[in-house]
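The ATP binding site annotation in Swiss-Prot covers Lys45, Gly52, Arg53, Gly54, Ala94, Glu99 and is backed by sequence analysis. Under the heading Mg(2+) binding site, Swiss-Prot lists Asn191, Asp205, citing sequence analysis as support. Positions annotated as substrate binding site by Swiss-Prot: Asn256, Gly318, Ile319, Thr320. The feature domain 'ATP-grasp' is assigned by Swiss-Prot to 9-236, with sequence analysis given as support.
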Amino acid sequence: MDLYEYQARDLFEAHGVPVLAGIVAQTPDEAKAAAEKIGGVTVVKAQVKVGGRGKAGGVKVAKTADEAYEHAKAILGMDIKGHTVHQVMIAQGADIAEEYYFSVLLDRANRTYLAMCSVEGGMEIEQLAEERPEALAKVPVSALTGIDAETAQKIVAEAGFPEELRADVAEVIQKLWEVFEKEDATLVEVNPLVKTGDGKILALDGKVSLDDNAEFRQEGHAALVDERTEDPLEAKAKANDLNYVKLDGQVGVIGNGAGLVMSTLDVVAYAGEKHGGVKPANFLDIGGGANAEVMANGLDVILGDEQVKSVFVNVFGGITACDAVANGIVKALEILGDAATKPLVVRLDGNAVEEGRRILQEANHPLVTLAATMDEGADKAAELAHTAN
């Protein structure tokens with residue numbers, strides 16, 4: 001889960017990372033009141049989970065509370081790269097002397113963590129990495145020790161901080177690691193990390209991504225979800241403990257096991273090239289418990305996507321036998337009733353496959369077509385989706 005800037009700021013503050021005052025506002029009046037409370041120069045910042053706010057006009061400096069009101073009025077409701085601005089953060093103005101960059105993230109390729117740091121912050125890090133890679137220090141971080149004092153000193157030294165700043169910057173970096181570790185984050189980024197005119201080191205703009213798989217031990221994270229920006233289908237799937245990701249195609253996909261589902265997406269995409277370019281509409285892994293309720297919930301999510309024209313159910317029976325899956329499909333269609341209106345292509349293989357096929361054949365549901373192989377099923381589902389278009 002990606003956080004808004006104000007949420008990242010609040011997490012930073014909770015872990016002792018030095019930040020400036022910031023108050024979230026959802027109306028121009030709230031923005032004015034926040035600016036009056038903070039006092040002095042403030043910055044009105046659109047709260048969206050996408051970059052490029054400044055270029056889009058979503059970040060404005062306000063010298064007075066009245067200016068903050070006018071800026072908030074202009075920014076609220078703005079569309080920034082497809083994201084509607086529902087709230088702004090009124091941030092205390094900073095006397096910036098220098099801008100730096102710091103982030104810590106998962107390094108999946110090397111199965112560790114990676115800290116990245118530069119004395120050249122404030123710009124897009126991708127641009128810096130491409131144009132001047134030598135200006136971006138990359139330091140592996142051990143999962144056993146994390147960013148301790150020694151590692152923090154190594155980071156600031158490799159980044160090229162002057163000797164007189166290293167202790168202060170290293171201290172902030174250790175606190176940012178605490179955010180990363182204690183909050184089960186997959187990314188903590190500060191751009192810019194700044195030195196103010198009086199020599200203080202502050203985290204001015206933060207980005208945090210949290211690991212959804214750690215929600216069971218992070219009770220406070222549920223309150224950070226903004227339901228206004230959640231995809232309703234993904235929210236419904238999550239509520240039913242389904243692993244679902246919406247894509248932009250026309251063939252709904254249900255499978256058991258992430259590996260099988262990903263393979264199914266590839267096969268559907270390949271088959272779609274022969275049928276008008278149709279593509280997979282989603283990733284949906286029902287796991288090992290493909291009973292009637294789970295199957296009904298899965299179908300309910302997929303059939304709620306208006307883009308879906310057909311559904312391909314691809315199941316390999318293992319612990320959950322194919323006859324149980326078949327019974328689940330039949331009962332799921334009974335549960336959904338008139339809500340089930342799109343054709344289903346079902347491919348079963350593995351444990352109790354013959355019994356599973358027999359159950360579906362005897363049910364003789366008009367929406368269900370049996371396929372002997374994954375390739376055959378993907379081709380038929382793609383054909384049906386193309387025909388429906």
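The backbone N, Cα and C atoms fix where each Cβ goes, glycine too.
A map of Swiss-Prot features onto the structure.
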residue : record                 : Cβ within 10 Å
Lys45   : ATP binding site       : 25
Gly52   : ATP binding site       : 11
Arg53   : ATP binding site       : 21
Ala94   : ATP binding site       : 16
Glu99   : ATP binding site       : 18
Asn191  : Mg(2+) binding site    : 23
Asp205  : Mg(2+) binding site    : 22
Asn256  : substrate binding site : 24
Gly318  : substrate binding site : 12
Thr320  : substrate binding site : 22
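Distance between Cα atoms for Asp205 (Mg(2+) binding site) and Gly54 (ATP binding site): 12 Å, as a whole number. When the binding-site residues Gly318, Ile319, Thr320 are screened for a Cα within 10 A of the Cα of Asn191 (Mg(2+) binding site), none qualifies.
Across the residues annotated as binding substrate (Asn256, Gly318, Ile319, Thr320), the two Cα atoms farthest apart lie 11 Å from each other. Among the binding-site residues listed here, namely Asn256, Gly318, Ile319, Thr320, Asn256 has its C-alpha nearest to that of Arg53 (ATP binding site). Candidate binding-site residues: Lys45, Gly52, Gly54, Ala94, Glu99. Nearest to Asn256 (substrate binding site) by Cα distance: Gly52.
With respect to Gly318 (substrate binding site), the closest of these binding-site residues in Cα terms is Gly52, chosen from Lys45, Gly52, Gly54, Glu99. In this structure, the C-alpha atom of Gly52 (ATP binding site) lies 47 angstrom from that of Thr320 (substrate binding site). Under the three-state DSSP scheme, Asn191 (Mg(2+) binding site) falls in the strand class. Between the CA atoms of Lys45 (ATP binding site) and Ile319 (substrate binding site) there is a gap of 52 Å, rounded to the nearest whole number.
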